[in-house]
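One structure is given here, and the rest of the page talks about it.
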């Protein structure tokens, strides 16, 4: 029987555990009914458990509390009833808890647990006890709120918030008390503002903590989460006041809206105002009260509002305390005394210093000086005339002269006139300034009246009332008899004011200037003639060292040979010369790899003077070797003896300069390929500037590129003046050698240096496509040219980096021949490989001119592909097919070394009857290019190079063209027309049919923000359009008319008929 009872007890215990597991599962899923846990715990604590009725209490509880569960599920968190019943009721008194509810029971259990009165067995059978409950908090936009909850005897603790079935982001921690073995759960929830904003239920957003154990679930008190904010603007800011000393004042401030209510604080000069720091100031809610303002209260006052969301400070209010002036006591009477006269009468004075006027306070009323009726008047030379008149007692009126008027204009008789008036005055006293001036001058005899009048500030011209003020009047019946002396003075005109008998033209001055000019011109001419004569007296300056007489160079018996075997070394000679300009290291380039047994021709370069006017035909050249092979050389480091600094403007054809003013102008080189456009009014009014434009060869400037893949793709351009900031951007047009510019990263390099400086500091000014609002330049990149808009001139060049594999650049070949005697069977042919720059031919021609060479011809421009392949050059006879060609390969790396005058040399047999063909290319022979050298070019006669035309175009103020030869070869809108167009297109429109659409139509809108930063965006766009539309000097007027017509069509497409009418009306039908 005992065994049966024991088995029954075990089964009952198992059923109880299964029931607890079921209850825990239901509670987690949200379907747990609100049970009477006190009755449940009392039933479980009975001494005897009937195995057949062990489930009865649970069944009864489930049935009786089902309706309560539905009722509680219908209520949402955040309602007022929820705050009253936040814990389940516990009804049995046998559990050790009172029947008053969960709040009281939990409080008793917490006290017993903390005091240690609760045994471990009793603790294991209790509901969870909250040690930390969440409290109401505020959440800010950028700072979330944190809620904490901690409970003992719990298996799990989570937060549940309004309007959400999922708990907020939380972190959980579990602890076990080492003394009691009680499990403790702690959870920290992070509440972001987004979660609060998403709640649209009734009442505020609330969160509560739920703790579960084997006995059931307990809810903590609800914590309210509010959104804290503070607005930016104050509802009322303090206003500035100007008050008299001792008056009462109030400053009012109403803080901006916010939650929680912002706390208001007053500040004086940014220091917080407290009752201790400012005893005379009372601070109340939003009001700052001054019982009696004092001078120490003058300050800047502001108020600040602060809450958990932030802090706001109002605008400052200035409190100005002014002081009205007060008179001091009268001084003792003293005698009236004038210089050289006995004393007569008395006077006394007082001072406006009790107190002195401060901060704009009123001056003291009334006179400063009192005089007796018989006070002696000083002579005329020390009389004082003031705007207030003279001080006269009320019993007697006295007359005084006013100040003299200004001298009149010279009459036809060369006479000037000035006048004065006899004035009288009533009760008005003399001003303090005039009296003080009179006191100072009493003892100074001989002081003129004009000085005293100037000190008193009397007007010179006007009626007596205007001179003396409103209180002055002229006594009826009295005239000039009251005043001694005359009222008019006349004088003869002085200086150059009188033009009687003088001619309009001063011949003496102009004859003197003409004489001085003639003397200076004669002196300058004599100096130039002497300088040229000194150069010609020594013919050895124009001779090579190899042809000088042995007597002139004693000790030099024979000239040493200078040979270099290309197979032995690939480095070229780096001739050292003190006058030669070079950059160490980077300018030394490797030579081309030639055939076996090949020697390179080197020349004894003649000593050249700095003056290039001497005939080049007198130069003598010796060959050091004669072979039938070819070689390559880098002539950028040739040993030209340029003693001193060679002026680029004198030594190069690639330069032009002009004195320009506000009318603007253009400077052109190489037929307009290189252009500097100075718009109208880019130079200040009444200012003229020496503007120059020149190309620098590679000898003069080398650009250190940032990366190995960077290529110098334009000539180095120097423009001046470099230290002048133009009023408007000028435009520089530079040709480049890029094929398909969109395949390259293009950069503009700039250096603020003179053209003859040895050390040039280059910097990257603009990277096309990477401009910012602070970029000082605008770059318009086109297929063949780059247009740069800038306000600062200096050195400019274009550097590019490839975007794709194997891009191409434009290059060409130039052929030159060495002058040799007709008896010589061999002739020398040098072929230069250069980039397609405008001055490439001039650079090579200058080198050849010094070596005695002549120009034979050039190839067409070809695309050199960056594919690491060498450039093969082959020279053959055009008439004899069987003749073996001369062939040479120039290494790929030598071509890309940024060296514009790399060349190879061929030594050929002279055959006057045969022409030559030069084949060149990188790939197979099918892709070779060919150009011919006529037979007569090899005969030895030098071909004159085509002269380079440098054009300077100037425009007058009305937009007319000054140079008649260039009247219609470029586009230029008159200034008046351009001004009207800018007035119509500069104002922005909602439909954007303004300067922005014009830039888009003219394809200049790549970086439109540059134009937006200028005073007139339309003017800059039109200036760039004019520069792009400029044609070469030889073009006809039809192309100019077509350009203007294209602009009219553009404006018509924009729908701006008003702008089109402006052009037609101001320019006329000439353009149309």
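Glycine is treated like the rest: Cβ placed from N, Cα and C.
So that you can see what the record holds, here are the features copied from Swiss-Prot:
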- 149-207: disulfide bond (DISULFID)
- 253-303: disulfide bond (DISULFID)
- 336-375: disulfide bond (DISULFID)
- 338-378: disulfide bond (DISULFID)
- 352-364: disulfide bond (DISULFID)
- 324-379: domain 'TSP type-1 1' (DOMAIN)
- 398-499: domain 'TSP type-1 2' (DOMAIN)
- 654-802: domain 'ZU5' (DOMAIN)
- 980-1067: domain 'Death' (DOMAIN)
- 79: N-linked glycosylation site (CARBOHYD)
- 300: N-linked glycosylation site (CARBOHYD)
- 462-1072: topological domain 'Cytoplasmic' (TOPO_DOM)
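Taking 149, 300, 338, 375 as the recorded positions under consideration, the smallest Cα distance to residue 253 (disulfide bond) is found for 300. Per DSSP, the domain 'TSP type-1 1' (324-379) is made up of 0 helix, 10 strand, 46 coil. A straight line from the CA of residue 364 (disulfide bond) to the CA of residue 336 (disulfide bond) spans 24 Å. In terms of local Cβ density within 10 Å, 207 ranks first among the disulfide-bonded residues 207, 253. Listed in sequence order, 234, 237, 238, 253, 255, 264, 265, 266, 267, 288, 313, 314 are the same-chain residues at least 6 apart in sequence whose CB falls under 8 Å from the CB of residue 303 (disulfide bond). Using CA atoms as reference points, the recorded positions 149, 207, 300, 352 were checked against residue 336 (disulfide bond), and the closest is 352. DSSP assigns residue 253 (disulfide bond) to coil, not to a helix or a strand. Taking the C-alpha positions, the distance from residue 149 (disulfide bond) to residue 300 (N-linked glycosylation site) comes to 49 Å. Candidate recorded positions: 207, 300, 375. Nearest to residue 352 (disulfide bond) by Cα distance: 375. Around the Cβ of residue 300 (N-linked glycosylation site), 15 further Cβ atoms fall within 10 Å across all displayed protein chains.
Counting Cβ atoms from all protein chains shown, residue 352 (disulfide bond) has 18 others lying within 10 Å of its own Cβ. Residue counts of the domain 'Death' (980-1067) by helix, strand and coil are 58 helix, 0 strand, 30 coil (DSSP-based).
For residue 375 (disulfide bond), the same-chain residues 6+ apart in sequence whose C-beta sits under 8 angstroms from its C-beta are 336, 344, 345, 346, 347. Cα separation, residue 300 (N-linked glycosylation site) to residue 207 (disulfide bond), rounded: 46 Å.
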